[in-house]
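Have a look at the structure below, then the notes.
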Amino acid sequence: MTFFDPTRGTERNCRRGLDMAVVVCKTPEDEDDVLEALQTQQGVEAAVPDTWVQLDDLPKPPRGPTPQSTEMCDANPRCKAWGLQDACCPTRDGLWMECCDDRPPPIDKERHGFSTISLLSWHGGYLAAMRWGAVGFYPSMEHQDTRFFVVPHVDGYVSLKNQHGAYLVTTPSGRIACWHRGHGVADDFEKFKFIYNKDGSVSLRSKSSDKYLAAEHPKWGVATADREEIDDWEKFNVTTVHGWDTVIPNDESFEKLWGMNHFGGRDIDAVEAWRFFPAPPSNNVVVAVIDTGIDYTHQDLKERMWTNPNEIPDNGIDDDGNLDHRDHGIGGLETKIKGNGIIDDVYGADFANDDGDPFDDQMHGTHCAGTIAGHGNNAEGVAGVAWAGVRLMALKFLSASGGGRTSDAIKCLNYAVAMGAKITSNSWGGGGSSSAMRVAIERAQRAGVMFIAAAGNEGSDNDAIPHYPSNYAPSNIISVASTTKTGSLSSFSCYGKESVDVAAPGSGIYSTVPGGKYASLSGTSMATPHVSGLAALIWLFRPQLTMPQIIEIILDSATREDALQNSSATGGRINARSALILASTYEGSRPPVHKPQALTFEDSDPGVGIMGGDAVITCAADESDISFYSIHLISGAGFLLDTIATVDATGAATLTVPLANLTLTKYAQGLAVVAGNATGSAGPDSAATAKIKDYCVPLYGPSDVQWMGDADGRLGWVGGKIQFQRAESEKSLTHYNVYWHSAAGQGTTKSHLPKKGPLLNSLPQGDLMGKVPANGFSRPQCEVDCHLLDISVSGTTYTFHRGAYDNEELAKIHFSGPALMTTTSFRTEKYYDFLEVGDRQLSGTKLALPMNIKLPSAGTQWMVKCDWTRKKAGRFISPRRAPLSFDQSDLLGDPADFEVPSMQPPSMELQVVAAFEETEGAAAAYGTLKDFDASVMAPSPALVARNLSFLDENVQEKLIKGRIEFFPPSMGADAVTFYHVYFADVDGIAQWTEYSWTLEAPKTAKEMLQIDLDLELPSAAVSIVAVSGNAHGEGAKTWIPLRDIVRSAPANASFSGDSDPVADQVRGDLTIVPAPVPTGITSYAVYLGNGTKKDGLESYQRSLIIVSAYDDFEMEEGVIVEFEDLVDDSTFFLLGTRSGRSLSEERSEPVEPWLRQPEMGWDERPGGSCGKLLALRPPCDHSIFHHFKLTPTGDWRIQMQIAVLVGAEL
């Protein structure tokens, strides 16, 4: 053979038959030269001095069962969890089980799977590492030397190990070799970083040389790591050969799911985890996706949807409460219970639109659902993390715009718990902390339900700036950050060493979207469903584990990464394979097989929705495996809710458990008791149950009973309507009972009368006439620091005022809607001090006032709160102007009506009593009837004209045109012979004979009476009055306001010109000259448009349209101001810069907007959800982005600065 001497640069001959030659190299470069020369010699193998004596071969798949004791495996929880019996040493993937040997072999610190990659260079050769250490290129990947194991490292780099156990190594001179270097852990010379190029190829950057690996022509067979830039020779295409330790579904787009499986090693090892399931798991884990809904018709989701077993589709009935249709529910209850309040909630519920159809009209929820449990191995689309065995419950509270209310999110969570979800996936957030949301999450925690939440997309530290709901404290929350394909934290992802728990893939995630389609999205929203799917996968693998155990497993099994060490508490990314391995070591629960025999309970607490009394448990006949009993609320669907009490098993036949201040939740239908021991508690199938019925004594009663007049003109007969004022608060009552009142006590022993509350009025009652349902009315009631507020009442208007405030103040006002809340002056320290109305929050000083907020028909709370602050200067409401007020005039608090049919009454006295179900309250109200005799009397108050109306059609001031319309009374119309109609002044007096009309009464009550008007409005006329009359005079009258409808556009407007040099961005001053007749104008709305078209969405908007807006109307016509986008080509300007970083740097990937921290804004337009400025927080409809509103100030001119983006990219 020929031997090359690097010290002399010459070749010399060696004798034939030389078996081994030893060469001592003085420098690494000499070593490279020797190895390169030897690689060209036939029949020569080279070995470096630190070659291992024995190769570090990877474990091979077991060829057959290893004899082992079945009893021993069954006795070990870890082996039993794996379903191992005979061949348990080791498992097929090389894992050594404790049941086999107390001293398992050491685990390879550089562990990797059995999948390999091949790297095809630009010129067509495959990178190959030979047994003797040489690295070159082969024309085909069929040879094993072209296949490399990828070993990921915590520092973000990877190593490539060949089939002989050696790593690719970058020598100091920049050449590539593949040697055994005498150490078990790869060092920097053996590490590379994958660079993902836009054309789909990858490049490798050496850690030691900090240069790119390049492939020379395969004829030369040279690979070096000495290139500064990426060109074609530095690019490789990757081919993956999956190992036997993986399960690869046949879904056509599976290769796009890098988060599930990727050669770069920064995935969640899903395919390795799926290998642990020898057969598809049963469908017993329900994951609730609380989001925009789910497209339940999607081909990759329809077979994975949860269906409500107690709901019959499309029958228009809330079937949940009908035991005739129930497959399961509250065991042992032989009575019909109320439903869950939602009709046809087959796949879930839509709380954004208050119906039972949670179909996704956005795409976000469907995308999340596909990542959790997309149908795998069906040759279509994608596969979810838990693609078999999971059922997806669709719960919608986010609308098509991506926005929603916290109150609706709470409803979704409560529904999920009540209907049996074990996991809730929450890819949403924003706004401040909500105590109601936190309490709902705590209730879910007590029910054993996991709450997995996105950490947010602001790229900020959640430890410093909290993000909700992920920042709430309950231990059932997992807060999830997002990672990229390289393993680093996504640029948009929020982080927090204490407030964020773990990370998961969230950049460029491919999944399902509505309409049978697929798309890639980025965000912590996409990371969250990976964790939700993993939680379900663990529960499928170990169904005996508890929710706290599952959370602990997810966090403890995370793969730590240097790039993530400060991003979360774990500093890592979830790993499905490691999680299942760790789960196999946990002791599962072994709840008692014996169960309690019965449970009884009767409420004795008089508070509404509050339960109190003794629960009596009839214990199990055999308590040998029982340590305690736990009492729970149970839903109508048969799932355990809150744990409300526990009691030790004592051997007694019965146990009495006092319950107090127990609050009933919406879905709670009964109480349940289950048995438990140290390992866990039994489920609802083993529960003894008791139905619950709320006992309540009304706190308030009715008042001011009025007889509205007799419509029956016969002497001795009455018929008509009574009215009475509702109770101050109807929270503690369900209805009002109306009785004939008998001073002599006649008729007081009727068996149908309700039972009396402890303080019921003792006066005698006659027969029950009927009932009037409560409607939830509540006058404003204050709690906590109420003495700090100045409160005044005028009719139905309540006014509240607080001047300069101090630290730690809190006042809560409870009331019912609908109502109109008006704020005329407001000033607080932003964020820290606020006024909260329902789920809206006002804070700061830059609010557009006056502000009107229409409150819905429901119980509402507004709260004034300030925390401790160094700055005490602030006013919630300025004393110099009108304070905060709200009006309940057109609403539930209107007097209640009760119709009295025509009859000969047993008495002329009535009694009205408040009642809750069968229990009546203490306070009663009384009224007196009066008989009307049409033969001698003018029409009674009951015979007023019905539905009197007039609408002015002339929009000019002081001119009216239209038609007065009304109907005769529905009862007793024959007692009226004519109607007198006239204009009246403020005192109700008819001053004008020319504006007075007399009309003959029609023959039937269905005929309309009409008067056409087209005239100049008298200056003092304020109302239209209609009086019923007959031969005995004029009697009952009714009236309506006489409104002169005026519409007036702004007089003029001008724009100062564009002062911004950037294309497609305009900034300048807009000056508006108010309308000539400003009466009734609440604001001026400014729209972007194209020409004269308001709210246009065309590509080139070059005009502003300013219109007048009224309480009930917004004009279409207005002032049009043209503008020009001035561009200075010499100016370089980064759009959207903030804090020195460009928007492109902060948002390098498209991110869903609904997880950004919101700013506060308001829109007074009916139905509006956004605010007064163009650049508002998402989510908003696109049309809302195109306008803002300016409230008139009374000045002659209104000037404001605007900054808008124009074109289709808004």
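Backbone N, Cα and C atoms are what each Cβ position is placed from, and that goes for glycine too.
Curation does not apply to TrEMBL; its annotations are automatic.
It should be emphasised that the depicted structure is a prediction, and the values quoted were computed from it without experimental measurement.
Taken from TrEMBL, the feature domain 'Peptidase S8/S53' covers 283-561. According to TrEMBL, the active site, charge relay system annotation covers ASP291, HIS364, SER525.
Rounded to a whole value, the Cα-Cα separation of HIS364 (active site, charge relay system) and SER525 (active site, charge relay system) is 8 Å. Between the alpha carbons (Cα) of SER525 (active site, charge relay system) and ASP291 (active site, charge relay system) lies a span of roughly 10 Å. In sequence order, ASP360, HIS364, GLY365, CYS368, LEU395, LYS396, PHE397, LEU398, SER425, ASN426, SER427, TRP428 constitute the residues six or more apart from ASP291 (active site, charge relay system) in its chain with CB-CB distances below 8 Å.
The Cβ of HIS364 has fewer other Cβ atoms within 10 Å than any other of the active-site residues HIS364, SER525. The domain 'Peptidase S8/S53' (283-561) scores a mean pLDDT of 90 in the predicted structure.
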